[in-house]
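The active site, proton donor annotation in TrEMBL covers TYR56. The annotation substrate binding site is assigned in TrEMBL to HIS141. TrEMBL lists 20-301 with the feature domain 'NADP-dependent oxidoreductase'. The site 'Lowers pKa of active site Tyr' feature in TrEMBL is assigned to LYS85.
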Amino acid sequence: LDPRDHSIPLSDGNRIPLVGLGTYGDPRTTSKGTAAESVKLAIDVGYRHFDGALVYYNEHEVGQAIREKIADGTVKREDIFYCGKLWNTFHPPELVRPALERTLKTLQLDYVDLYIVELPMAFKPGDAFYPKDENGKWLYHKTDLLATWEALEACKDAGLTKSLGVSNFNRRQLELILNKPGLKHKPVSNQVECHPYFTQPKLLEYCRQNDIVIVGYSPLGTSRDASWVNLKCPPMLADEVLVSIGKKYNKNSAQVALRFNVQRGVVVIPKSFSPQRIKDNFQIFDFSLTEEEMKAIEGLNKNVRFVELLM
């Protein structure tokens, strides 16, 4: 942990800030301009890490906000860490660079800091991000992850991204890439669901051994969207252990959950468009959990996955 900027090193020499703002927004319910205002506020609060994606439908707003804060002198481009994602319909090698270039054009930036494979499986390429047949069944696409990875390596060599990573990969899928003959650039991060109810101890240990940083999404549980979330999951932030530890430090249970992950080297990217929560989620560097408190929170693990990714 670097106390100067709350970041940790990646194995390629880049650094990743420990707390980022997740910018996922449902276009059906998120009003226009919300993402831009949230990113500008977050930069003013101190955030430097922004987690976005083509399929969030708001990269134009996120890019605009970053450019405005650069223009007004608040930050320089090199202060910002932006993570973009390769969506499932762009896995064929010839589609990888055009997908990244589309993100860069939308952001109006020259490069992203991290570009990751969003899911290890592919959908049928085409204009639809979520392709289904006439019966509503997903249209998958047989693809070679290693060929996709080689196309990503070429993007890094061309300077379009500083680092490469993956998301939602298990150990077997990581090994596939790590054992690839002639591997040029290894994945430096793996973005997965990670929180006190789903602590990922085995994957975390495997990634540590291979210098892969875990980036934890849904670190506070998640929104209650039945299309991709298990609504039977218990409300984690009401957990008595998190609430009682929070009282001791004059913090809320969300801040305790975030501090828990950061303290064990897991990067957190809580998503929020609420100004107060954006501020609260960053206020986790002025206290430390004791070893006993860390063990107590680890003991909450229920192997509960909020995000089921039913596809």
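Every residue, even glycine, has its Cβ placed from backbone N, Cα and C.
Locations of recorded TrEMBL features on the structure.
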| residue | record | Cβ contacts under 8 Å, 6 or more apart |
| --- | --- | --- |
| TYR56 | active site, proton donor | THR23, TYR24, GLY25, ALA35 |
| LYS85 | site 'Lowers pKa of active site Tyr' | GLY52, ALA53, LEU54, VAL55, TYR115, ILE116, VAL117, GLU118, SER167 |
| HIS141 | substrate binding site | THR89, HIS91, PRO92, ALA122, PHE123, LYS124, PRO125 |
